[in-house]
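In Swiss-Prot this protein carries:
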type: REPEAT; residues: 188-222; note: repeat 'PPR 1'
type: REPEAT; residues: 258-292; note: repeat 'PPR 3'
type: REPEAT; residues: 328-362; note: repeat 'PPR 5'
type: REPEAT; residues: 363-393; note: repeat 'PPR 6'
type: REPEAT; residues: 397-431; note: repeat 'PPR 7'
type: REPEAT; residues: 467-501; note: repeat 'PPR 9'
type: REPEAT; residues: 502-536; note: repeat 'PPR 10'
type: REPEAT; residues: 677-711; note: repeat 'PPR 11'
type: REPEAT; residues: 747-783; note: repeat 'PPR 13'
type: REPEAT; residues: 818-852; note: repeat 'PPR 15'
type: REPEAT; residues: 888-922; note: repeat 'PPR 17'
type: REPEAT; residues: 923-957; note: repeat 'PPR 18'
type: TRANSIT; residues: 1-77; note: transit peptide
Amino acid sequence: MKALFRFKSCLFDPTRRRNQLVSFSGFSKSSKSNKTRETTTTSKIQAEATAITSLFNEITEILGTDVVKLDETTRLRSHVSGAVSDNGVSVSCTEGVRQNAAMGFSGEDEKAQKVLHEEVDFSPVVHEITSVVRGDDVLVSMEDRLEKLSFRFEPEIVENVLKRCFKVPHLAMRFFNWVKQKDGFSHRVGIYNTMLSIAGEARNLDMVDELVSEMEKNGCDKDIRTWTILISVYGKAKKIGKGLLVFEKMRKSGFELDATAYNIMIRSLCIAGRGDLALEFYKEMMEKGITFGLRTYKMLLDCIAKSEKVDVVQSIADDMVRICEISEHDAFGYLLKSFCVSGKIKEALELIRELKNKEMCLDAKYFEILVKGLCRANRMVDALEIVDIMKRRKLDDSNVYGIIISGYLRQNDVSKALEQFEVIKKSGRPPRVSTYTEIMQHLFKLKQFEKGCNLFNEMIENGIEPDSVAITAVVAGHLGQNRVAEAWKVFSSMEEKGIKPTWKSYSIFVKELCRSSRYDEIIKIFNQMHASKIVIRDDIFSWVISSMEKNGEKEKIHLIKEIQKRSNSYCDELNGSGKAEFSQEEELVDDYNCPQLVQQSALPPALSAVDKMDVQEICRVLSSSRDWERTQEALEKSTVQFTPELVVEVLRHAKIQGNAVLRFFSWVGKRNGYKHNSEAYNMSIKVAGCGKDFKQMRSLFYEMRRQGCLITQDTWAIMIMQYGRTGLTNIAIRTFKEMKDMGLIPSSSTFKCLITVLCEKKGRNVEEATRTFREMIRSGFVPDRELVQDYLGCLCEVGNTKDAKSCLDSLGKIGFPVTVAYSIYIRALCRIGKLEEALSELASFEGERSLLDQYTYGSIVHGLLQRGDLQKALDKVNSMKEIGTKPGVHVYTSLIVYFFKEKQLEKVLETCQKMEGESCEPSVVTYTAMICGYMSLGKVEEAWNAFRNMEERGTSPDFKTYSKFINCLCQACKSEDALKLLSEMLDKGIAPSTINFRTVFYGLNREGKHDLARIALQKKSALVAQRTVS
């Protein structure tokens, strides 16, 4: 059984197991004590630092004495990201995807479509239908208005309307549900591909699953684009297990796995940090002779460079030379950059030494990469030494000095940055605009407004043309000094210089005005944006409206909402045939979630992504000691530049260490030039609530209000959720009312948080949940599937099935899919043992019965097995197989639970083999059921095998898995193993509950292991102290 749930390398050729690149056995943890581990780690770090210093001295000696020849042909250059054809012409991966998309129809269909598009212009019809779908009419429903239209809803029209609804998935789904009920509707693969892309962009994986089931039921065959969209959607959601399953199903469906499918899969794995799996796919590609472009190679290099597999990384660089037809010089330049970005300075220096041994010419670009890597690693002295070598060789320029300046600014050392700035100017080289901008931003943050303005004037006097980022930085500086007129003057100078303000420039302007409550000026900006045909995003409107509500500007909110309506109307016109908006859907496959999408020209440095290395460094400091004075001393010595974005990420990653991170939050808030924003306060409130430190949570809320930070519905939703999840639902209700008393209108997320906690067993309040749910419906919000499932499940559990049934009609009227609503209701009935009532509801359903059967048959099977009717359950499974619906993971899990309960281990193994045969990926619930099942049979070793194998297959154990395994181990007198699981939970950032500690404590005492029981109590006390401040 141990091998039964091991990761399926059957995805690949079995003969390749001998020379696998990666091993999946590295998940088990060492049982050494923390003290030994810290000593070993410290010694290792010291030894590595000594080795790097020695190596660096050797490299500087080599570089300092070598004579460099300037060869323009060997400089790093950008290449077209694509595979190389037989004749040497580079082929874009994007082009390949679009070719795949064209394969969705047969050749005859393609010709018919072409003729149809040539003869008929559908755009006026599409525009009119879209205006109805996206229109705002509270009196007449969308469906009623669509019925009055006299158009034929041809597949091309439907597809283009859906493309225009790309950013409003709930409206797209309502239109889709309506139009497919029309007579003569054609279930075309293009329409489903569009809907899958919309659902994927909205991160609604339930909708994706429903659409796939619907395609299968209606006999709509998937084309190659369908498969690539599904792989992309699951990859973007970091559901790697599902992505792998789709990839395998694509293989079994008879489609040839081309470069596009592999490309998306490898990118997904790289983004998820699963370099080991990416290497497996890469090796399979190489064996099949399939290649991809330079861009994916760079992603693979960056991902693998973070590991210790230096030889593998270098072999990939060799493949880049062979396949992408780039020079060794360029390939090793990319390799050097990957090492530097990953913080592998030692490996980077060793690579430089190897290149010199090969007598490869090192140009200025290599030096720049090395300087940037040293600056990122906070080795400024070493970076300056490399710059000095460049200067002696006359390779230094304003670009490399700009890198040094950025390094000092990251350390908040403005004085040294200015010294280097003077060095650039004295050398006679003009500094870059980005260097000016970065220094100005830091001066404005340090309240040195005059110096920042003087620098801007100096830049203009020296003939250096500022870009939109530089001008926006000066505008923000003026607004920080409440100089609105001057800010407008500088902002207007953009157009005078021929620079068109970007939406980012406008959004920064708006947010700065919000902080000083200049709402008349904001209305002026919105009107200007509308006149300039610049789309105003909904999050900007929400920000402004929330700020106005907080300050009691209710009259002006009406004006803002009118502008928002005009802006939405303009968006519809802008989309035209849907291409402008739907181009983002294409990027889901073509440029899916690529890290290089953010461009510095469009994004000010201060707003760029947080450096992960900085986050890791601060988290390491916070976890290194429980003595706050020592931690504070280490933070003071840190060279990291603290920004609100960085603070948010630190709080998110280290939230289990509530005491340390909240002290850090307080400490960083008192630093000169730093101020918390709303997002930072929201995250700190969440951290305090997760640690049940409600006194500190409220204290942070009041501090947030005193500091003038914008308190939105999200802030209240966080507090409501934190109170509710611990059973303090009365306080959660009072907090919700307190929010409304302050004039804030509840948002969809606020309603969801309150209803969810009111429906939970701990602190359940059904009456208040019903009242709040009805208020949410009256407010015009459509609940998501998860909320409906919680609410209907709660009503059925307390026996209030009448209200649950009446709720179905209300949901149907507001656009919630009726079939989905009934499937949730039937599921709830099955879970409380009312199987006959569930079957009665299923039989009397007047809608699309076959679709409801697909949605509910797993619940029916579960209910039958709970009652002990195995034969009827198997008959149900077989009947669904006959109509083409295979059992899902839910059905298989129910069968496994039943067979374990009946002690039929052979049947369990048989069911597992069927799952593997049908490529049905086990879920975390399946693994948990197997662990508990083996423990119930006294097979402890097999339970541990199942637990470890789930990690090897990429499924991480969650809190419930750990809790149930701990309970089973303690019942089996294996409490010492359960104690190890507590430690593993803490290592993974999962906080054990009080019940977990109590179970282990009692188990150890029953077994006579009193010393270990005291250790369990000490762990609990340490965790409480670690998570709370009050």
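Using N, Cα and C of the backbone, Cβ positions are placed for all residues, glycine too.
Within its own chain, the repeat 'PPR 17' (888-922) is flanked in space by residues 1, 4-5, 8, 241-242, 244-245, 248-249, 252, 857-859, 861-862, 865, 870, 873, 877, 929-930, 932-934, 936-937, 950, 953, 955, which lie at least six positions past its ends and keep a Cβ under 8 Å from the stretch. Model confidence over the repeat 'PPR 5' (328-362) is summarised by a mean pLDDT of 80. Contact between the repeat 'PPR 1' (188-222) and the repeat 'PPR 15' (818-852) holds: at least three of their C-beta pairs are under 8 Å, each pair 6 or more apart in sequence.
Residue counts for the repeat 'PPR 13' (747-783) under DSSP, helix first, then strand, then coil, are 25 helix, 0 strand, 12 coil.
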